[in-house]
Amino acid sequence: MPRTKRPLVRNPSHRISSFDTDALQETVNQVGSSAELGKGKVKDVTQPKHNHQQKLLSGSNSSFQTGSASPPSCIHNTSIKTLFKYINTIMSCVIFAVGMIGNGTLLRIIYQNKSMRNGPNALIASLALGDLIYIAIDRPINVYKLLAMRWPFADSAFGLFLCKLFPFLQKASVGITVLNLCALSVDRYRAVASWSRVRGNGVPMATAVEIVTIWLLSLLLAVPEAVGFDMVRFDYKNVTMTTCMLQPRTPFMTFYRDAKDWWLFGFYFCVPLTCSAVFYGLMTCEMLRHQKGSLRISLSEHLKQRREVAKCVFCLVLIFALCWFPLHLSRLLKRTVYKSHDAGRCELLNFLLVLDYFSINMATINSCINPIILFFVSKKFKNCFKSCLCCWCPPRLLSNSRQYKNTYH
């Protein structure tokens, strides 16, 4: 059954925004290297052209604001230099290489060494797998968009599939990161609270169920991205271009679009930080209480080992906050400060575009930096990384790691 025809849209008053996804909509941003499309027309890529002109009634990041008259264009004032494109390309290639090697090595270490197969390391492996999948798909598409200035396979069904998959994996990956960090914080508190119990190797069934739940919930929360994103064709300066952007077609998707920035900030940023702060506060109280007990000497080494793991998790949470804060800041500034019909908005648009480019790169760095953090913070992971990357003999690695047998519990 053919889909209902959608009207053309003329004279959008601001660009197709890059604030809709975790990656810039470079295809649109590069049109005239502008922060705004200026005058043009937009339609569903799957529909034939027709001549009806209509203003799109929308007030979101991913659609076009309307008004009685279009404000002066900011095309000249907000032009993004070619330098940004090449910086982003180089950054994407570096992130891809470091992320694939680092996360792949981390998964191999945990898989090959029995002494590393335990609850917290299983959560770290889950975190690394989510980052690996995200980097493997996101970075090549991002580089292609930067260099070709168009969406890959834009006029084919596979291009539409990528349009659905790309934002879906972005949100699912962030969800996996957020929920795994929360689970690690809870796990570290439980480990310190049960200081008298020393567990052996192996992943507890409860942790396995926890990981499956994390992945299913993350995928479920990312479904609106796959549903809402679609291929959109727009005409700009007599050139027809196609890109992937959020196109709400139901009341729920309209609500999701309008609430998206606050939802992302609340659930994907504030929740993990609040969870970590609460459980690390409780964990600190437990450690101080145990230090006053009569078993302090006999359990001091055991507590020291658990403190090292807690320090690793804390560093992961801290780096997550530093990497993702600029992106949420740029989105909320765009939502609360930027006014699309303000004649003096061009300087603010310039700042927001630069901040957006910077924040997207910072957020993506989080997907490749976790193995680096573990290398510098954890002695055991450092030894394992050296052994694995230098192709040392696996039996030697296993013998060296036995002394740490109960470290990560």
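Including glycine, each Cβ sits where the backbone N, Cα and C put it.
Annotations in TrEMBL come from automatic prediction, not curation.
Source: prediction; values computed, not measured.
Under the heading compositional bias 'Basic and acidic residues', TrEMBL lists 38-47. Feature annotation from TrEMBL assigns compositional bias 'Polar residues' to 54-72. Among the features that TrEMBL reports, domain 'G-protein coupled receptors family 1 profile' is placed at 102-374. What TrEMBL records for 35-72 is region 'Disordered'. TrEMBL lists 86-107, 119-137, 157-182, 203-223, 262-288, 309-327, 357-377 with the feature transmembrane segment.
Summarised as a single figure, the pLDDT of the domain 'G-protein coupled receptors family 1 profile' (102-374) averages 84.
Note: the stretches the transmembrane segment (309-327) and the transmembrane segment (203-223) are not in contact (fewer than 3 CB pairs below 8 A, sequence gap of 6 or more).
As a quick check, the transmembrane segment (86-107) and the transmembrane segment (357-377) clear the bar of 3 or more Cβ pairs under 8 A, pairs 6 or more apart, so the two touch. Same-chain residues lying 6+ beyond the ends of the transmembrane segment (157-182) with a Cβ under 8 Å from its Cβ atoms: 21-23, 45-46, 123-124, 126-127, 130-131, 133-134, 137-138, 141, 151, 211, 214-215, 217-219, 221-223, 225-226, 229-231, 242, 244, 246, 267-268, 271-272, 275-276, 313, 316-317, 320, 366-367.
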